[in-house]
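Undergrad: Got a structure here, written out as structure tokens. Questions coming.
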Amino acid sequence: MRRRGMFWLQLFKSAHPRVYAVIDRCLVLFVLLPCIVSFWAGLWMLLDLHLYPNDVPLSAWLCVAGGSIVMILFNFIQFELTARFLEPRFSFRNIVVKRLYTLVAAGANVFFCRGLWMVQDYYFGITTPSATFSFVFGASFLVILRASCNGISSPLGTAFDEHKSFFLIQTRFRATADRPLFLLADSVFSVAVVGALVIFEWRGLWVLLDLNLYPGKPTESILWCLSVGYLICIGVDVFQNQAAAVSAFLQEKRYWWLRLAFEDAFLIMAKMGVIAVWRGIWMFCDIVVANRDGPDQEARVWIPILVGYFTSTLLLHGNSLFVLEVVVDGGMTEGEGCRVDITMLEHYLKLWHSTRKPSGNTDGYVRNGKSSPMIVQKPEETIIESTDSGIDVDAAKENHIPFDNFDKRSYMLDDILVC
């Protein structure tokens, strides 16, 4: 049944590429993204209710400690997890471990972000100067560390649960498993420095919106954030080909610093759209779904958590709930640093193609420049190379091939808008 569904999906894509691309993006923008934000908002509110609600600094520092320890641990044991629990050793145990990994990693992200956010609120106040400093400090040091492209989350990046890099995490200095002390230090730096700076940047812009965008008028603020946020995200998707072409041109002319500045500016604008749309959905969950400060909040706060986790997991995009890896500015060539990944259906088709064998007459498809649903598509390059005996963990341990959530796709939105 699943294979038949993928077969018809491939035929639909070949026959109606424009409609297919629009549906694909709508699934990410209006189904997957709300699930991800709902999970974060629900868990955050649950911690507000039960983790030392009357002792803000203790609650904040416990979140910082708990979240950072788990995230550093997952960075450090990524190769061991890959060797033990990744396919092709398919088993019920592996499925359970992967689902628990997603839940714990997502929870650790929420803990760490909430903790650092509350630390800043408590010690520096929720004011415009504090928020401005937070944003400028985070954004500036991310640029200095060549990590400005981090902080872009869904909907501009989606992570597929069946990807062969499921447990693998890019650290800032690409430490390998054969140097455990360096890997540990790199993991600490990636979480405690780069991850913290991303939270500074997000918190700064978010609080500025809280203080200056229709304060006291939540409905207007939600509508503005959703409208502008979605508009920016769609605009980034539409114009990413043009941005990639400019980046590739600057690379060809050897204007390295100018290319880096251009990519950073493009991705900072993308982050602003992501933060705005996240804030709009978050406020809706906070006020409407969980009924914050209402009499039934205790029960209703579980709704966004359960819906967000189980829906994203059933869609095989549970790993979009969190971000652990560190991407280096300028690390991708030929304009790939300006690419974003707003897709779900393409991930399903790539997985299906990787299990298909060529059969039937495919000449007609090739002559017409189309991809036959019966042709095996070469899976995208990943850190792990499959072998007859299973996963080559030694290849994975080299942790130096760039991989992230901004994959090449078969259809860019501006391609399908051209008749």
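Glycine is treated like the rest: Cβ placed from N, Cα and C.
Not my notes, these are from TrEMBL:
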TRANSMEM  21-46  transmembrane segment
TRANSMEM  58-79  transmembrane segment
TRANSMEM  100-117  transmembrane segment
TRANSMEM  123-145  transmembrane segment
TRANSMEM  181-201  transmembrane segment
TRANSMEM  221-239  transmembrane segment
TRANSMEM  260-281  transmembrane segment
TRANSMEM  301-324  transmembrane segment
Undergrad: When only pairs 6 or more apart in sequence are counted, do the transmembrane segment (221-239) and the transmembrane segment (181-201) reach 3 or more Cβ pairs under 8 Å?
TA: no
Undergrad: So are the transmembrane segment (260-281) and the transmembrane segment (58-79) touching or not, going by 3+ C-beta pairs under 8 A with a sequence gap of 6 or more?
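TA: Contact between the transmembrane segment (260-281) and the transmembrane segment (58-79): absent.
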Undergrad: Applying the under-8 angstroms CB criterion, which one of 123-145, 181-201, 301-324 scores highest with the transmembrane segment (21-46)?
TA: 301-324
Undergrad: Please indicate, using numbers and ranges, the residues of the same chain that are 6 or more beyond the transmembrane segment (301-324) and have a C-beta under 8 Å from a C-beta there.
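TA: Here the qualifying positions are 31-32, 35-43, 45-46, 49, 71, 74-75, 99, 102-103, 105-106, 108-109, 150, 153-154, 157-163, 166, 169, 285, 289-290, 344, 347-348, 405.
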